[in-house]
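Chemist: Pasting the feature list from TrEMBL:
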- 100-125: transmembrane segment (TRANSMEM)
- 100-461: domain 'Major facilitator superfamily (MFS) profile' (DOMAIN)
- 137-158: transmembrane segment (TRANSMEM)
- 165-185: transmembrane segment (TRANSMEM)
- 191-214: transmembrane segment (TRANSMEM)
- 226-248: transmembrane segment (TRANSMEM)
- 254-273: transmembrane segment (TRANSMEM)
- 327-347: transmembrane segment (TRANSMEM)
- 367-388: transmembrane segment (TRANSMEM)
- 400-419: transmembrane segment (TRANSMEM)
Amino acid sequence: MSSCSLSPYRPIYVHINNKFIGIKSINLQFSSQFPYKSTNRKLFRNVSSNSGSVGLRTIVGCRVRTGVSSNDKSFDLAPNEDEALAPNFLEFITSERVKVVSMLALALALCNADRVVMSVAIVPLSLAHGWSRSFSGIVQSSFLWGYLVSPIAGGTLVDYYGGKIIMAWGVALWSLATFLTPWAADTSLLALLAMRAVVGLAEGVALPAMNNMVARWFPQTERARAVAIAMGGFTSGNAIGLVLSPILMSQAGIFGPFVIFGLSGFLWVLVWLSATSSTPDRHPQISKYELEYILREKQKPLLMGNKHKPATVIPPFRRLLSKMPTWSIIVANAMHSWGFFVILSWMPIYFNFVYHIDLRQASWFSAVPWSVMAFTGYLGGLLSDMLIQRGTSVTLTRKILQSIGFIAPGIALIGLTAAKSPVMASAWLTLAIGMKSFSHSGFLVNLQEIAPQYSGVLHGI
């Protein structure tokens, strides 16, 4: 018999009954003979001590996660080639992949802040120029003129070049257009409409790029949470734009928010280009453990950004559009976006004209639902990942989350028609938009699962 004590300063993790138990200091006794044979054996390369060495061939029933040492003893555990250990919560939130999706969340926050600022500015602009409400709608819709064109082309570019470079170009372009909006408004109405169309054109690549990056960086069991984090930034951008825009307007004039948000986008691009990569294997700071975990958990091989062939530039549109799952996602996205953009564009005007409250109050009432949506979206992602981890099929999980994301908001919007005060209206809208976020763990994640190589262009369609 030979025994050794492990160092209390470097904890190890023992895998027992599908659970990891952290141990700081233990005393192990190993016997060179075992009374029975086991098929679950992990090999040690060597066990050594000052007093000699013991050739240890097997240890039954436990798995050591990291190398351990003491003053006089050292262990070297051979890597397990068949599986990677699931990260705990602390490892997950401090991982490089979460840093990447957090940067995506910031980009999407800027995306919506730059978009929603016109929903606030349109009220004083309409008064200054004598625009009717219908013409104000035309001004706001100019954003969608560009947004209608770019998602498919942008999604194709995202799938070919990777999400990093396309997202950088998109943020840079829409930030520049936002920054130049004050100049365009002072020049002519046509210039203002054109500049807002450019904002929409550039922002059309944001969500396809997000989907592409999440598909490349996250295994299936974490994708709903990753999308929830990214979309949390997307919906938080609504709240940021609605709350800050009136404040900035009161301090720096009508066009103050356009300048501030535009400059913020340029700063984001600098950080993004220096701190991220399109794929995990090209990231200079990712740990070996995290990279192995991502690669082993992903169902299909990682697409390398520098190994695309020219033929893959043109996606197989006929094949994609011949599949019913594609059309189910298109219909779900159309219905989701209809409600999302109508509410996003008209909510401040709704509170201003229906309940006759001033612009700043209207912005606060409008911001509450989007803030709640960022929180409930993560709960939906967490629920989705938990269902999959516990054995529920991916298809059934997506259907459950999508059903919640449509039925509950529909009921809440019917309740909105009976609201008699801005407080009740905001409550109904908060419920509707909050539950709407469950769709992000439905069709939005499903894009990455039915066609992972073409998730960008599929989202664009």
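Glycine residues also receive a Cβ, built from the backbone N, Cα and C atoms like all the rest.
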Chemist: In the same chain, which residue numbers or ranges, 6 or more beyond the ends of the transmembrane segment (191-214), come under 8 angstroms Cβ to Cβ?
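Modeler: Result: 100-101, 104, 107-108, 111, 114-115, 118, 139, 142-151, 154-155, 157-159, 162-164, 166-167, 169-171, 173-174, 177-178, 180-181, 183-185, 223, 226-227, 230, 234, 278, 444, 447-448, 455-457, 459-460.
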Chemist: For the transmembrane segment (400-419) against the transmembrane segment (254-273), do we get 3 or more Cβ-Cβ pairs below 8 Å once near-sequence pairs (under 6 apart) are dropped?
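Modeler: No, these stretches are not in contact.
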Chemist: Going along the chain, which residues at least six beyond the ends of the transmembrane segment (327-347) come within the CB cut-off of under 8 Å?
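Modeler: Sequence-distant neighbours of the transmembrane segment (327-347): 112, 115-116, 119, 140, 144, 238, 242, 321, 362, 365-366, 369, 402, 405-406, 409, 413, 429, 432-433, 436, 439, 442-444, 446-447, 450, 458-459, 461.
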Chemist: Is the transmembrane segment (254-273) in contact with the transmembrane segment (165-185), using at least 3 Cβ pairs under 8 Å (sequence separation of 6 or more) as the test?
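Modeler: Yes, these stretches are in contact.
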Chemist: Verify whether three or more Cβ pairs under 8 angstroms connect the transmembrane segment (226-248) with the transmembrane segment (367-388), leaving out any pair fewer than 6 apart in sequence.
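Modeler: In contact, yes.
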